[in-house]
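Each remark here refers to the structure printed beneath this line.
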């Protein structure tokens, strides 16, 4: 009977076990489904937040292209969608840099334009004829969502999905990235940061797995990056430096060999297909680090093979001799090839990264750009909020673990921290690693302080008495950082809408009742040029406004934001700094019809041409040191003034006359108060214009346009003719019969 009972019981036990396994499996599947659903919802929320936080400019103003460079990109995209890609690559633009013109197709990075054109054609294929302008305006917000996903995948390779979700949320709304990716900011960085993160993500995956496939994807993303932004040189040097550090740490493996060789060979060959890049990867000092590490890796691989064949003592001798010879030969070869002209030397932008005074002394055109100035300490907090102090903590935590991928983030952090401190524009490349590092640090903190399971499990078993203080401490720390997250969202929203969502061509202001007022002087002036000047009219202005004039006014310009010809820019600087008669002759030689200046004295706009005037003088002085001298524009006390104490050279300059022409008459008693310089300019300080006629001043006098007078038909000098006209008018006024008062 017992045997029969056992036979009956065993099947029941087996059935119960199977039922438990099935129940456990179902519970696990249910939990997995819930986790996947939550992750999907979180991603949807991150995408919505990323896109919507970049739409303030469109909501508050309208769908418009911002800033300066985006206007060229928009104009180039228009050309591409209206012409073939072959025509685009061979595009010679005779309406810029007159009379030189510009080989536009061969001097730009086409990735941004080709991507937009591809989207435009794809939408038309499926029956959605969206205007190309709207695609350009919304391009950056759309790619910010892709950036968030790629950052998530990269952070997962460093830690886990929880850190990845935090990193995606951070980069989705952080001001340091939003500053160059709001709606309307149609610049190369709109796509470049996405490709930067994608390249690094595939590089880490390829390095960890020794995968040719992932390394090839990294190379293709790198090629796409090369086609989109000149900042690709950062990748070109960071990945080789990472491999170099791993070799020095004694971490060489076949996985590193496979990953780097695949990335370098495919990436280099592919990047050389971009016309603007060409043979730079093998002929420029900016790219020599990648080539050097490639050669070093072959030697290390050979050494690794030899090491298995000979004794350790002999190998050490061979290794040290080889290292010394390679270093001496490599450095000597680099200098020799550079000296012979076979390798292009370092550029001025490179030197300015290591010597902050280099550009100011040698290349004023670089130093004059605001985004090339050193960053201020408050800007770090403005752009990243509390992540900036989580950043070093995360780097320290990675030092504690120090896997190969952590070495990459540490190298990235150190290099970008320095470069961002030197040049404010490079804060854009530092922001992603700050978001990743901050997410890793916060995730590790939450792993500890949000995990209450050990406390409750020990309390349930009764083995240890649960500490109330431990629970309160964990709850307090967790609540504090959750509150920091709330403050981060609030800060990002405020900074985005107040600092980074105003297009430069439309200035926001406030009426007396607090309502928003729009200052639309730029578009008003550009529209006037388009409607009231000949199609082939030539416009002279400082280079800052060249792209906008070409894009909105559709008129020929002497210089623009490409800044490829320093001498041509110096011509405009000399014209602005010279007396009127000299400027007239110089501008006539270049067939100029109109001169445009920006003046903020009435409105209080600090970004006007008078505030930029010293850079015009310095650039001109670099070419004509005997004719233009900066010191002549300062008073004896060394001040730069625009009032009655201003130097005579300053008062006689074309820029001064055009800016303040008629300005004192706007105020009682002819006492014009310059709201930017906080100085008083009187009618006696401003000489009349003899060679130029004022043809347009915008509503707030922000944009002023002058036309060059035609030559006198009798061959008289224009200044003499102006004096003759003044004396004639004065004589008529004095001979005028006095009015008789008939009133008794």
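FYI, residue positions are counted from 1 along the chain as it appears here.
Including glycine, each Cβ sits where the backbone N, Cα and C put it.
Just so you know, TrEMBL annotations are computer predictions that nobody has curated.
Annotation source TrEMBL lists domain 'Oligosaccharyl transferase STT3 N-terminal' at 38-437.
Per TrEMBL, the feature transmembrane segment maps to 41-61 (among others).
Per TrEMBL, transmembrane segment is recorded for 107-123 (among others).
The transmembrane segment annotation in TrEMBL covers 135-152 (among others). Nonlocal intrachain contacts for the transmembrane segment (135-152), taken as residues 6+ away from its ends with a CB within less than 8 angstroms of a stretch CB, comprise 43, 46-47, 50-51, 54-55, 58, 63-65, 70, 73-74, 77, 112, 115-116, 119-120, 123, 161, 164-165, 167-169, 171-172, 177-178, 180-187, 190-191, 193-194, 197-198, 201, 432, 435-436.
Per TrEMBL, the feature transmembrane segment maps to 164-183 (among others).
The feature transmembrane segment is assigned by TrEMBL to 190-206 (among others). Within its own chain, the transmembrane segment (190-206) is flanked in space by residues 111-112, 115, 139-140, 143-144, 146-147, 150-151, 153-154, 157-158, 177, 180-181, 212-215, 217-218, 221-222, 224-225, 228-229, 231-232, 234-235, 239, 258-259, 262-263, 405, 408, 412, 428-429, 432, which lie at least six positions past its ends and keep a Cβ under 8 Å from the stretch.
Under the heading transmembrane segment, TrEMBL lists 226-248 (among others).
For the transmembrane segment (260-282), the residues of the chain that approach it from at least six positions outside its boundaries are 89, 105-110, 203, 206, 212, 215-216, 218-220, 222-223, 226-227, 232, 236, 239-240, 243, 290-291, 293-294, 297, 344, judged by C-beta separation under 8 angstroms. Positions annotated as transmembrane segment by TrEMBL: 260-282 (among others).
The transmembrane segment annotation in TrEMBL covers 288-306 (among others). Long-range Cβ contacts of the transmembrane segment (288-306) within its own chain (Cβ-Cβ under 8 Å, at least 6 residues beyond either end) map to 236-237, 239-241, 243-244, 247, 252, 256-257, 260-261, 264, 268, 281-282, 315, 318-319, 322, 326, 330, 334, 343.
For 318-344 (among others), the entry in TrEMBL reads transmembrane segment. Sequence-distant contacts of the transmembrane segment (318-344) (same chain, at least 6 residues past either end, Cβ-Cβ under 8 Å): 280, 283-285, 288, 292, 295-296, 299, 303, 306, 310.
Here TrEMBL flags 379-400 (among others) as transmembrane segment. A Cβ distance under 8 Å defines the sequence-distant neighbours of the transmembrane segment (379-400), meaning residues of its chain 6+ beyond its ends; these are 158, 170, 174-176, 179, 406, 409-410, 413, 424, 427, 431, 434-435, 437-438, 440-442, 444, 484, 487-488, 491-492, 495, 499.
Taken from TrEMBL, the feature transmembrane segment covers 430-450 (among others).
Annotated transmembrane segment per TrEMBL: 471-489 (among others), in sequence order.
The domain 'STT3/PglB/AglB core' annotation in TrEMBL covers 539-588.
With a threshold of 8 Å between CB atoms, the same-chain residues lying at least 6 positions outside the transmembrane segment (41-61) that come near it are 137, 140-142, 144-145, 147-149, 152, 165, 168-169, 172-173, 178, 181-184, 492-493, 496-497, 501-503, 506, 508, 516, 518. Count of Cβ pairs under 8 Å against the transmembrane segment (430-450): among 107-123, 226-248, 471-489, the largest is for 471-489. Broken down with DSSP, the domain 'STT3/PglB/AglB core' (539-588) shows 32 helix, 5 strand, 13 coil. Within its own chain, the transmembrane segment (471-489) is flanked in space by residues 170, 173, 385-387, 442, 445-446, 448-450, 452, 455, which lie at least six positions past its ends and keep a Cβ under 8 Å from the stretch.
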